[in-house]
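Working notes for the structure below.
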Amino acid sequence: MKMEHNMSRIHMVSEPSIIYFLQVSWEKDLGSGFDITLTDGQSAWNGTVTASEISREADDMAMERDKYVDELRKALVLRTEPANVYKFDFSKENCHFSYEKSLKDVSFILGSLNLQKVSSPAEVIRELMSYCLDCMADQLAKNRHLQRENEMLQRDWSDVQKRLEECVTAKENLEADLYKRFVLVLNEKKGKIRSLHKLLKQAQQPEKDTQDERESVDDIQSQKKREAAYDESTDEESENLPVPSKAVPANFSQNDSIISSPDVTDIAPSRKKRQRLQKKVDTEAQFVPQKPTLQEKEKVECILREDKVEVVVRISNCT
């Protein structure tokens, strides 16, 4: 099975000015064991951490094995945390390599092992350089591939944008055409509705006129019936009225009637006048009685005085 490699640049706590290169290699998973290669560019050291040692370290730290493996991956492979979170230290005298994690003011060792110095460091350094060059070539190939994909996506995006603009234009043209047709249909329907409404009014007008005529005829007939009934009642009342009888002297002449006769009044009841008042408004408006002039009044008074004198003379002769 092909082994996976990861190479990183680290600084030791004891020698912060010296740059070291750390390579970690594993087959299946980091929890199944891994190899470490360390070099400062002149010398090289290597070592191996087995799966049993990983389990022992997790037990000593009272940590679950998976969680402990995840911490090793962050410290040795990923290197995503800040540089002051995971720290490394190496002693060239006894070739002891350790790595620890710092949490605020507290730090604890994740693991440590004794490395062995390589007799031919040039070979190790050459392999590390070859690995770096291979990684660079792989990255360049991936970048080219991604660049080609980006160019294809850019072309596809341009085509999609053009199609979208064409679709928008077609949609706007279709909406305008549909709106014109809708306006034509709407105006046609409005014209039909107006014509039907006009025909309906024309059809309802004769019925309304006929109904009004019927109502007016019924009102006239009912008014005539009321007047006829009222006239009959007034006639019966006038027939039942007593006629006053006065003894007329034998020698009573026609001239005496002018003085002795009472004023002539209307014998019809006042309610008959009230009933007929509304009916005779037009005729009364046309007929306006004229007041007698002064000369006419004087003539009437002279005639009355002459008649009175004549009557007195006749009465005296009779006595």
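The first residue you see is number 1, and the count goes up from there.
Even glycines carry a Cβ here, placed using N, Cα and C.
Copied over from TrEMBL, here are the features:
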- 230-239: compositional bias 'Acidic residues' (COMPBIAS)
- 251-263: compositional bias 'Polar residues' (COMPBIAS)
- 20-115: domain 'XRCC4 N-terminal' (DOMAIN)
- 120-196: domain 'XRCC4 coiled-coil' (DOMAIN)
- 224-301: domain 'XRCC4 C-terminal' (DOMAIN)
- 200-284: region 'Disordered' (REGION)
What is the number of residues in the domain 'XRCC4 coiled-coil' (120-196) that are helix, strand and coil, as DSSP sees it?
76 helix, 0 strand, 1 coil
Restricting attention to the domain 'XRCC4 N-terminal' (20-115), give the mean pLDDT.
87
Counting each residue once, how many in the domain 'XRCC4 N-terminal' (20-115) are helix, strand and coil under DSSP?
27 helix, 44 strand, 25 coil
